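The structure appears right after this line, and notes come after that.
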Amino acid sequence: MALLVHLKSVSELRGKGDRIAKVTFRGQPFYSRVLENCEDVADFDETFRWPVASNIDRNEMLEIQIFNYSKVFSNKLIGTFRMVLQKVVEENHVEVTDTLIDDNNAVIKTSLNVEVRYQAADGTRGSWDDEDFLRDESLQEEEKDTQETDGLLPSSRPSSRPPGEKSFRSKGREKTKGARDGEHKAGRRVFSAMKLGKNRPHKEEPQRQDEPAVLEMEDLDHLAIRLGDGLDPDSASLASVTALTTNVSNKRSKPDIKMEPSAGRPMDYQVSITVIEARQLVGLNMDPVVCVEVGDDKKYTSMKESTNCPYYNEYFVFDFHVSPDVMFDKIIKISVIHSKNLLRSGTLVGSFKMDVGTVYSQPEHQFHHKWAILSDPDDISAGLKGYVKCDIAVVAKGDNIKTPHKANETDEEDIEGNLLLPDGVPAERQWARFYVKIYRAEGLPRMNTSLMANVKKAFIGENKDLVDPYVQVFFAGQKGKTSVQKNSYEPLWNEQVVFTDLFPPLCKRMKVQIRDCDKVNDVAIGTHFIDLRKISNDGDKGFLPTLGPAWVNMYGSTRNYTLLDEHQDLNEGLGEGVSFRARLMLGLAVEILDTSNPELTSSTEVQVEQATPVSESCTGRVEEFFLFGAFLEASMIDRKNGDKPITFEVTIGNYGNEVDGLSGPQRPRPRKEPGDEEEVDLIQNSSDDEGDDGGDLASVSSTPPVRPQITDRNYFHLPYLECKPCIYIKSWWADQRRRLYNANIMDHIADKLEEGLNDVQEMIKTEKSYPERRLRGVLEELSSGCHRFLSLADKDQGHSYRTKLDRERLKSCMRELESMGQQAKSLRAQVKRHTVRDKLRQCQNFLQKLRFLADEPQHSIPDVFIWMMSNNKRAAYARVPSRDLLFSTVEEELGKDCAKVKTLFLKLPGKRGFGAAGWTVQAKLELYLWLGLSKQRKDFLCGLPCGFEEVKAARGLGLHSFPPLSLVYTKKQAFQLRAHMYQARSLFAADSSGLSDPFARVFFINQSQCTEVLNETLCPTWDQMLVFDNLELYGEAHELREDPPITVIEIYDQDSMGKADFMGRTFAKPLVKMADEAYCPPRFPPQLEYYQIYRGNATAGDLLAAFELLQIGPAGKADLPPINAPVDTDRGPIMPVPVGIRPVLSKYRVEVLFWGLRDLKRVNLAQVDRPRVDIECAGKGVQSSLIHNYKKNPNFNTLVKWFEVDLPENELLHPPLNIRVVDCRAFGRYTLVGSHAVSSLRRFIYRPPEHTAPKWNTTGEVVVSMEPEVPVRKLETMVKLDATSDAVVTVDVAEEEKEKRKKKKGSAEEPEEEEPDESMLDWWSKYFASIDTMKEQLRQQETLGADLEEKEEADNTEGLKGPMKGKEKARATKEEKKKRAQSPGPGQGSEVPEKKKPKIDELKVYPKELESEFDNFEDWLHTFNLLRGKTQDGEDCSTEEERTVGRFKGSLCVYKVPLPEDISREAGYDPTFGMFQGIPSNDSINVLVRVYVVRATDLHPADINGKADPYIAIRLGKTDIRDKENYISKQLNPVFGKSFDIQASFPMESMLTVAVYDWDLVGTDDLIGETKIDLENRFYSKHRATCGVAQTYSTHGYNVWRDPAKPSQILTRLCKVGKVDGPHFGPPGRVKVANRVFTGPSEIEDENGQRKPTDEHVALSALRHWEDIPRVGCRLVPEHVETRPLLNPDKPGIEQGRLELWVDMFPMDMPAPGTPLDISPRKPKKYELRVIVWNTDEVVLEDDDFFTGEKSSDIFVRGWLKGQQEDKQDTDVHYHSLTGEGNFNWRYLFPFDYLAAEEKIVISKKESMFSWDETEYKIPARLTLQIWDADHFSADDFLGAIELDLNRFPRGAKTAKQCSMEMATGEVDVPLVSIFKQKRVKGWWPLLARNENDEFELTGKVEAELHLLTAEEAEKNPVGLARSEPDPLEKPNRPDTAFVWFLNPLKSIKYLICTRYKWLIIKVVLALLGLLMLGLFLYSLPGYMVKKLLGA
């Protein structure tokens, strides 16, 4: 039965284009061929046939889509036709003509004519087979996949097959039925044609116009080869070997070329931390110390007394030599400790933690000037405890760190905006609990010897598990551990370890380790790292870290227990594990804490609690998995393992591990519950026997032992021949395939992207045309891949078993990929020719993100290990991730190595695999692997090469899906391999001479052959063809054509003694020719290509070669292309590379400029005396003249020589040029001194100028103003003009005049701005002004860069996050406005308004070396380093520096001969110099070298105290200056400010070394670091680096002209040397050079203010624009300061600080220069600050009155200048203030030394009593005023304080009322004043303190007067301290209450009692008198009455 569709034609199409049709039935699409350049009618006339197994239902649909076909982009749909097949079923034949509908279901004009037949069974196709439909779904996927690759295929759809006839792919293991015509998936086939190299097109083959529209299989290959130039260039997939990403084919997966594991290898790291200051520390009057910890190392700053904002500026360096994993997990902890001293440890104020990895992942690996927030780990409810400002940088060896320029930091700190947090972390971090739940573990290895156990068992009869496991968790510097489960291989814990830390944490990884408890020492069993970034998402739809409950697998050393395990490191998580150790079920949850909750425990101690157990099945339903493997080849077995029988063992988890596995968790096969079938078998009616045949299937996990046979003297192979052993393992795992599937889909997208990006890079590198088109194709593919992910990933499978992380990760991956797809789309539109590199970078970010997303944090199935066992001992292993082998019916989900033949290289385990041992291949396997559910097993052989029969165990005979024990191949083909080994370049130096004796060894299957050995070269040209005969390959012929085995090429160095040394390895895939193919273009002969050679992980050169595999047909070798016998009789029986393959050569001439040799070291202890240089290229060469006495004159006397040589026309194939220096000794002996290989001649190729260059005439004025901002604005004003036009460059009239006029006008409005006084200005003014300019420029560049990026981002994300973007934009515009407000545009002066920039001439400050700015000054003289000695690997990786034995100076010029005539006709052409016209003579010349050293920054501490005592040492030739007496004590940022004059004679003395040493009282001084400057190249350079050209010309003052030659003389000389017409001066203020006119001021002012006419200004203007002069113009070096890194040979590659300096050179035969500039450091100026404290008000009342309980305070005021706490001064005490008012009239005097330029106070003091000398500190000028409450018996109470920065502090308020707290906190805008400008300031200032809630509160106000005088003024006008003479202050008028009661008790009674209680006392006295009277009355009454009564 079949359905046939005959698509006849489509009419009424619009426009003209290529059309293609897609016909789909039952989800199975077919494509028509492409009709090129159709207009309105497309006649397809094609028939498509679907064999159908079941009757067609009348409701089924047929769909036909018509597309406009595009080679580059995805096809554009024209319209769709859908038809229900009801009528077809009824009538069996229907013909239809109908219109199409478009995307929106609207009818369009276009119509199509189609005929559909439904035919009953016809016998033409042979018997029907179920399996034709087996791959139904996957075929569908394949077809989709082909659409994705169509961006790569020109000229036709990939899956087109011969018209009319379509067939399914039939399965490999039955013999194929019918012709196999269209079977392979064509989309992949494109890649299979790509060899592992780059495909270079054939030069000979013209482009065929009549490209066939139908692609036969061969055509695909032809196409693939020809893609490079004949066809659309961007569709070519140029797979470079560097990338080796090309999917080799569909039956083989790509081999991994890098051998050595890079992890686990120790490296040098340096962590440098500068603690600058702390602010807002919580606590009253503290003495803070900052402690800096990195890992276990601690360092402390000095202690600052009684301050909450201490200033330290101390620099700490920590050096480490550990592996990256260990380094990046180390914790950096910065804590502030209060009052620590020798006796007590002090109390912790607060601390801040971050891991080293976070710092390293920052841009430039550093945080600069950021504020760390301190929090108290013991009290999490307390909030913030203060800020510490610091710089943190982490440098690995070889990192280049751009340190921001250390200039005066004046900008007022915005703390909140500069927090020490990575981007994206919120400023307010909350406390959170991290719950790590440990449930159970299984599969643990034995951790004890079984000896004791056996004894116990014998006596007691108990059999125990030999391991006592517990789990330890490390996080953020803390660790917690669970309980120990005694004797258990399957322990059950159900405990949780709880950490408390701020969230989000700044520590990326959590380490979970299972350990074995032991009496002696606990050892790790296995380690797992949880990367918090992978289990959380910080986006606005993100989620908190969550994990599991899920199993994680742990890998480590092999499982057999030994007392001393050499691979124990692997169990600690360092390096790649070599065996499965255990799996642990864990979970992780995070809870954000509400710190206001009173029940909360406030400590951050780690707690361990019980966790709620989870059910066994929570991680997913346990399924039976089946792993099958077939070993097709085992070769390259290291000879150490060659004598014993060898077997291979495959394990997954503990399954299959029979040696030391210990019973794996053998689970029973789970019973199937009804309705639980989640994988519906693809075809229900598949044979029933398969369901249960595996019931008693025992696993076979190792191959039978086989004794190896010899391949050659290094390697053996196993003679498997036609019988290939198989293994199969059943295992049981929780079914979490969805996780792996999603990861696989993302990996597939990433692989394709990486491959595409490598192609684009390769195209850019090899300058192929149209890389942008290829990039567009790549992006197109990326976006379609992302959409494909969205449709596949969310398949609803096993919802109940998905953890929260699964759900959240899926959501976030889908969001990420969706946005990535959209960004890729929009990016694709932006790819233009000039933006390719830029967009390539953005694509690299996509790639990183994809790789990050694809890494699944919750494991399920453990990795598969393949071990080679020699004599039952484990010898070498390979590890394959299980997800790469996982089977799926959906093609994108399939693992990349599943059902493919993979080439594996086995390596040694653990540390043994490091270094040279790790590079020798232990064995090479061709291995086929398949892993999937047992019930999907029927497909497990589908990817094997066809043509085998299965050999099964007796039980499995006749059972279809019973796995075979081995495969016997019945088909084998005979082949011959021809390896064309042409040459290699840039090889590894393996001998001590710095050269090698290389030969190549080529391996193919089990044969190997060697090329000849070429002695003493790193660039051998073997030009040799190796022929391998009698190769037998098993499998079907056509499959071998697609998938030949790879060839391995190893390069060795032949040693006369011992065995050859391994130098590197590469792979290649041969081009296959079948017997029935013709050996003719376009495929043959193959082209030479470059293959990258690897040595371990490092690249070690390139091999240029080609490989072809030719099938030997029935006629034998007669049919093969003939081999010419060796022509070269001298070389013996060596066959050269045949003519069609070797490159086409042309004649080139190589001219060599021999200048001289420098710094030659001794060879074999003898000095080099008579050296000569030999140049060789492609077998031809030339020798320099001999230097007769190297010591006297190391230059050559004959300068230019040349030789002619045949070189390939293709510049990429040019051989390297070798430079060798030999020393000619007596008796005709020669010694090699050193050599250098110029690997690419491209930069030396001379290309004659084009004569067709456009000549357009323009004249125009280019106005170049000579303002100081020139450097900032030059960008806008520069206009490049053509060489032929005249142009005028004018320079503004004397600026000073204008300035002065402006001054007069503007004096009223701007009182603050003052013209700097010339006499005040010095060189340092110029320097600091220049640094400001440089920082401003850098800032502008940054903002420009950021703006551009933002713009691009906005373009990319437009429409993605609309609303959010809006807010951001608003914010951005606000910031912009702020910025604009701060810095008016360049026209209005580029500085912030508060500090207007005075007009100062500037110089150029380069933040790097001068030569990096001027291309190493190699404009005509190049320096070639001569190397000698072996290249070292790995650990003691010797840099090129250490191997350098000298330098050759010279140059090369390569050009095709003959040259155009007119070159030699130029005026003054000297034929002896050839192309090197106009070079100076190289006779020796005496030069005065003047070195100015300005300062050093960030020096590496050299003393124990964390400081250094640096001084300068300078070496040049024999001169050695050590400025030891002027060392600077205890400084890491010393200012030297010195100049040194040295007389030198070039060429003997041309290498200047400037070093910084550390002075030591005892012992020798240590080198901190040094920098080397090659003066000769500078001296002779066209850029004129002898003396920088200043910005303006001036004859006196701070900006005096330094060069002995005036600008006009320099200009005249330059014109003369460059043969330029000019200079023509006149009229005044104009000069003409060539056709450029420069104008400028024409007068100059001398010292006395007299104006004189001069031409110097205009001459200088011409010099500053010399690059505009046609033909000879180039940038001249300006007056400058360069910043050079200091390096120390003991710590190679790590910067030890930076040095700012510049060098002037003056030839001695010219007029002598003037005296050197004075750049000595500015001496600080002496000042005196007088502070009068008049009054205080509203001071908080602290004390309760003794008698009356009233509030009062005994106030006094304390003041000091920052850094001088010991000189603090106190007023007297105003006792008993009841209102908070205090009166003092008290004067403080603070003398201090001040540096105005840096705005710092300079303090010199001894650090301790033991210090040898005083240390100089620079501290910001800040005055601190504090109010205190005096107590007599207890310590005084601190009430409040204010710190005033004397350069900018708020102006005081006029009255106490107007004085508010906001003045100090900066919340209101108060005018800021500087005491250095105002000199005298009086006012009220608020005093603040923090309350319990850490908020500021106003605690008082002080009225003070500040008066600043210079030391001289102070001397003339002295005043007394306090209220003393001279100029005493009057006594304060204090109320009578202000006294001390116990000194004057009566007075106090008078005051306390009399004043307040006067009336009360009177009343009481009266009442008492009354009572007295009454009492007396009552007392005397009885007596009186008696008297009266008795009448006495």
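Yeah, the Cβs are placed from backbone N, Cα and C, and that goes for glycine too.
If you look up TrEMBL, you'll see 163-185, 1365-1378 marked as compositional bias 'Basic and acidic residues'. What TrEMBL records for 675-695, 1309-1319, 1347-1356 is compositional bias 'Acidic residues'. Residues or ranges marked as domain 'C2' in TrEMBL: 1-98, 251-372, 411-546, 959-1084, 1131-1257, 1459-1588, 1709-1860. What TrEMBL records for 138-210, 657-708, 1292-1319, 1345-1398 is region 'Disordered'. The transmembrane segment feature in TrEMBL is assigned to 1959-1979.
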In the domain 'C2' (959-1084), averaged pLDDT is 86
If we call contact 3 or more Cβ pairs under 8 Å (sequence gap 6 or more), are the domain 'C2' (1459-1588) and the domain 'C2' (1-98) touching? no
When counting C-beta pairs under 8 angstroms to the domain 'C2' (1709-1860), the leading stretch of 1-98, 251-372, 411-546 is 251-372
The DSSP breakdown of the domain 'C2' (1459-1588) into helix, strand and coil residues is 15 helix, 53 strand, 62 coil
Secondary structure of the domain 'C2' (251-372) by DSSP, residue by residue, totals 13 helix, 62 strand, 47 coil
DSSP tally for the domain 'C2' (1-98), helix/strand/coil in that order, comes to 6 helix, 60 strand, 32 coil
